[in-house]
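A.B. asks: Pasting in a structure now, in structure tokens, and then I'll have a few things to ask.
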Amino acid sequence: MAGVTPTRVALLGGTGSIGDSTLRVMAANPDSMVLHSLSGFRRVDALIERVRQWRPARVAVADEAARTALLAAIDYQPDVVTGAAGLVELAADSEADLVVAAIMGAAGLPSTMAAARAGKRIALANKEALVMAGDLMMQAVDAHGATLLPIDSEHNAIFQSLPADYRCGQPIQGLRQLWLTCSGGPFRDQPERDLSQVTPAQACKHPNWSMGQKISVDSATLMNKGLELIEACYLFNVASTDIRVVLHPQSIIHSLVEYRDGSFISQLGRTDMRVPIANALAHPVRVDSGVEPLDLAQLSQLTFDQPDNDRFPALGLARAAVTASQRHSIWLNAVNECAVEDFLCGRLRFDQIASRVGHALECVAPAPIDSLDAVLEADDHARRWYAEL
Ligand code: NAD
Ligand code: MG
């Protein structure tokens, strides 16, 4: 796009799976997108490699030790900020046009909220931020003129299936319901499999997508679909009863909008996150994602089925949480994060992830949530509850 000022991108969560896919899309569009800032966390080596290649003006790292290691390993002097405050600074930076919110989990909430309060265009991958603070986030988006552009493939598909002038948070005119498609995860076709014996390596081996560890486990428990259901309630201003989840093992149809007149509109594409990322980064312009074209003639079938709610209770738990209260969703998310981490470290069985979350939801005391501090306090409370189990 010659003659157009390039979009200056703040990439938060730049060393993860979405971070990588984002950089690949940006590499395919060097004239229209520049990397202004980048954040990493534990994988300092991965961050150094990306900083060397992309030379962002600003970098966020976990702490002073990472800052020293980074500066010693590169041959220029970016502005390096540290800790959670550094992420908030990069999110609200007046020199960034668009913030990619790709930090995993609750850790992404303060920076995503800061981007909303700074009125940014936000390419949102960090679904946990909306799960924890949906109302506050949508209020901030509205009050500060921010724009949410969903990266999560299902939500991006719904966004693309809505009228061209649709802005996230508005009601959808003529809607009957939204359909979220769900691959079913790695254990979908193994009804005989004892889920108490599943190992982290088996749970992380997703049949269709290559993703970070936490979301891979969430996909195996179907908690990912539960988090996505809550995410969709806020992004598209619908009740959870307006959303159906349908199994679609091929993951070609990425979700659908069903209108009152009986029309279904959907987006199809390969299972490669560069497609929704390219859509969110360049919206409303269409750019190359670098993804190979999909040959429909090579697809033998697209199938649909009901999810198995008995084997995978997480989806029902998420539905119950979003119906109950914001505090329930915060607890659902926090306890799930703790349980997934314990599972990945071999301290918890796979089937115990959902049972811990179910137990947690029974212990939540309903009390209103009216500020970001209240969200973070409730998140902390849930994690302490989990630690004391
Ligand atoms: P990942 O584990 O591969 O990467 C996570 C990123 O977050 C890394 O850059 C890491 O440095 C950063 N991070 C983690 N903890 C942090 C902390 N405490 N402070 C600061 N930074 C921290 O995860 P991912 O798969 O890229 O997922 C990122 C987000 O995108 C998640 O919210 C996930 O649900 C969402 N998402 C991912 C995919 C996918 O295909 N990977 C699809 C849809 C949505
Ligand atoms: Mg998704």
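Just so you know, the numbers here start at 1 and follow the chain as drawn.
Cβ coordinates come from backbone N, Cα and C, glycine included.
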A.B. asks: In TrEMBL, D152, E154 are given as binding Mn(2+), so which of E49, E64, E89, E228 is in that site too?
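C.D. replies: Among E49, E64, E89, E228, only E228 appears alongside D152, E154 as Mn(2+)-binding in TrEMBL.
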A.B. asks: Per TrEMBL, what member of S111, S183, S196, S240 joins K127, S153, E154, H206, S219, N224, K225, E228 in binding 1-deoxy-D-xylulose 5-phosphate at one site?
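C.D. replies: For 1-deoxy-D-xylulose 5-phosphate, TrEMBL names K127, S153, E154, H206, S219, N224, K225, E228; of S111, S183, S196, S240, the listed one is S183.
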A.B. asks: To which of G184, G185, G212 does TrEMBL also attribute binding of NADPH at the site defined by T15, G16, S17, I18, R42, N126, E128?
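C.D. replies: Candidate in the recorded NADPH site: G212.
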A.B. asks: Relative to the Cβ position of T15 (NADPH binding site), how many further Cβ atoms are located within 10 Å?
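C.D. replies: For T15 (NADPH binding site), the 10 Å Cβ neighbour count is 22.
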A.B. asks: Could you list the residues of the same chain, at least six apart in sequence, whose Cβ is under 8 A from the Cβ of G212 (NADPH binding site)?
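C.D. replies: In sequence order, G16, S17, I18, M104 meet the Cβ cut-off.
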A.B. asks: Nearest to D152 (Mn(2+) binding site) by Cα, among T15, E128, E228 (binding-site residues)?
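C.D. replies: Of the binding-site residues T15, E128, E228, E228 has its Cα closest to that of D152 (Mn(2+) binding site).
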A.B. asks: Among N126, K127, D152, E154, H206, G212, the binding-site residues in the record, which have a C-beta under 6 A from ligand 2?
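C.D. replies: Close enough to ligand 2 are D152, E154.
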